[in-house]
Amino acid sequence: MEPPTNHDSPSLDPPAAAAAAAAAAEAPRSPPRQQEPDPKKPKMSSTTTTSDDDEAAPALADADGAGDETTRKPRYKRRKVAIFFAYCGVGYQGMQKNPGAKTIEGDLEEALFLSGAVSEADRGNPKRYDWARSARTDKGVSAVGQVVSGRFYIDPPGLVDRLNSNLNPQIRIFGYKRATASFSAKKFCDRRRYVYLIPVFALDPSSHRDRESVAASLGSGNELVKCLECSERGRKVVGVMGKRNFELRGHVSDSNGCEEATVDSVDAKVESGITSNDCCAFMGNEGKEGIVDSSSNGIDDKSISDVIDKVDTSTMVDTVVSVDSAPADSDTGSVLNLDGKIAETIVNGEEKPVKGSEFCYGEEMKERFNRILGYYVGSHNFHNFTTRTKAEDPSARRYILSFNGDTVVTVEGMEFVKCEVVGQSFMLHQIRKMMGLAVAIMRNCAPETLIVNALQKDVKVNVPTAPEVGLYLDECFFTSYNNKWKDSHEELSMKDYEKEAEDFKMKHIYPHIALTEHKEGVVALWLHSLNHRNYPDLRAGDKQELTENKSSE
C-alpha cells in the first residue's frame, strides 16, 4: 500500500532546481556606479600663436584656482601688414638676402625677430610669415620708398620704435599699414619710380675725356684737358687711365710776384680750395694762380709725387695734360690752374690758353637730354640693358611709363641732374645701363640711333653701365590695389611719410652721393672709360654696321 502524497509542501527535483538557478543568473543586473573623470586642465604654450585666427588667451592661474590678473601674459594675433622704410645702400650687398653677405633684408629680418614681430619658431624662415618685397636693389643702391609685406605680431604698440632701435641708423622704418590677407608687396606693386642723380659735368662732352681724345686734340686749337686727380685715382684701374707716369712743367707764381713754391705753400692753396662743377681746375684763394715748372725750380718726379700724396683729393680738382697722352715728338707741357679761370698748355714750345668749359644744363641741353631719354619710353625688348637675359626670353620685354631729367639739384656744392624713370618693373642693371648709354650719346661718343638699334630683338650691343652710387628707389605704387580696397582698407602709399622720407633723403642719400663723387670721383673715372676702345659698338650708327661688327668678332 502506497503512502499518501503531501501537496502542501512540494519538493523540487534536482533538474528543476538547476534550471531555476540558471534563470536567476541570466536575469539583468544594474551596472556599478563609475567615478567621473577629472576636468581637463588647459595647456600652456611657450610660443606665440601661428594662426591668424587665434584669440588672445590668458595664462593658467595658480594651482589653487585663484586667478591673478598681474601674472597673465597675453598672446597676440598675427596681422598682414605693409612696412614702409628707407635705407642708404652703402656697405650693403643689395636688398635681397644672400647667404654670407651683408644685405638690407638680412638686417631687417633680424630686427623683426628682436622686436617681437616674428616668433622664435619662424626666425630665419621668411616663408612661414609670407614675406615679400616690392623691389630689389643692387649693391650700393639706396631706397626711399621701399615696401615689404608679411604676417607679423604688431602688438603691443610701439613696433616702429622697437624696429628702429634694432636697426642701423642708415635703415629707417617709417611705419606700417594693415592690408588684406592675400596682399603681396611684390605681386600688387604695379609701378616703381627710380631716381638717378648724374653730375652735370658728366653731360659735358669736353670734361673727363679719354687719353686718345686728349692726344688727338693737341695742336688743334681746341685742346682737351685731362685731370691729374683722375690719373691718380685710376692708376690701378686697367684700361681706364693708361700709364701712371706724368710730368708737370712751368713755375709757381702768384700775384705778388713770388717765384717759388714749396710743398707747404702748395698744400695751403689746395686746402683752402673748393670743387668746381666741371672738375677741371684747382679752386684756391682769389688772385692766386700759377704753374709748376720742374725744369726751372728743380722739382723732380719724386717731389711731385710727394706733393700729390699730401694733397687732400676730396677738396681738389685740377687740369693737366698727361705726357703719356701726347705724341712723343712734341714738346708738350701741362698747367696747374689754381683759380679755376685760366689754364695754359705748352705745345711745341708755344703757350696757348685753354678755355674753361662753358657747359650749362640750360633749356637746349635739357631738351636734348629728355629727347634721348624719351627713346626708352614704351614697351621694348631690353635684353641689351641687362645681364644673363636672352632676347628670346619674354621677361626681357619691359614697359617704361616715363623718363625725364627736368630738375637740377645742388648737393655739397655739386650740381646734379635728377633723372626720374617710372616703369612696371626693371631687370638687373637695367636703369644703370639706360643711363650709361644716354650719357655716352650726350657726350657725343655715340649717335642717337644707337638707342633705337639697341632696343631691337635681333641686335646685340655692349652697353656701358653707369655707377650705382647715384641710383635710388624713390617710391612703389599700388594703384590697382588701392582702387579695389579703398572702402575697407587704408591706402598703401608714401603720402603719410613724405616728410620723414624727405628728411632721410637729405640726411643720408644725397650727401652720400655727393661726397662719394668728391672723394672718389666714381663718375669722373667712369667717364674716362667711355671710349671706342672699351665699347666698340658706340661708334656704330646703324643696324647693319652692328651686325657686321659682331660677325667679324
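Every residue, even glycine, has its Cβ placed from backbone N, Cα and C.
TrEMBL entries are annotated by machine, without manual review.
Taken straight from TrEMBL:
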{"type": "ACT_SITE", "residues": "D138", "note": "active site, nucleophile"}
{"type": "BINDING", "residues": "Y194", "note": "substrate binding site"}
{"type": "COMPBIAS", "residues": "16-27", "note": "compositional bias 'Low complexity'"}
{"type": "REGION", "residues": "1-73", "note": "region 'Disordered'"}
Number of other Cβ atoms within 10 Å of the Cβ of Y194 (substrate binding site) across all protein chains: 24
CB contacts for the residue listed as 'active site, nucleophile' [other CB atoms within 10 A, all chains]: 16
Between D138 (active site, nucleophile) and the residue listed as 'substrate binding site': CA-CA distance (Å): 13
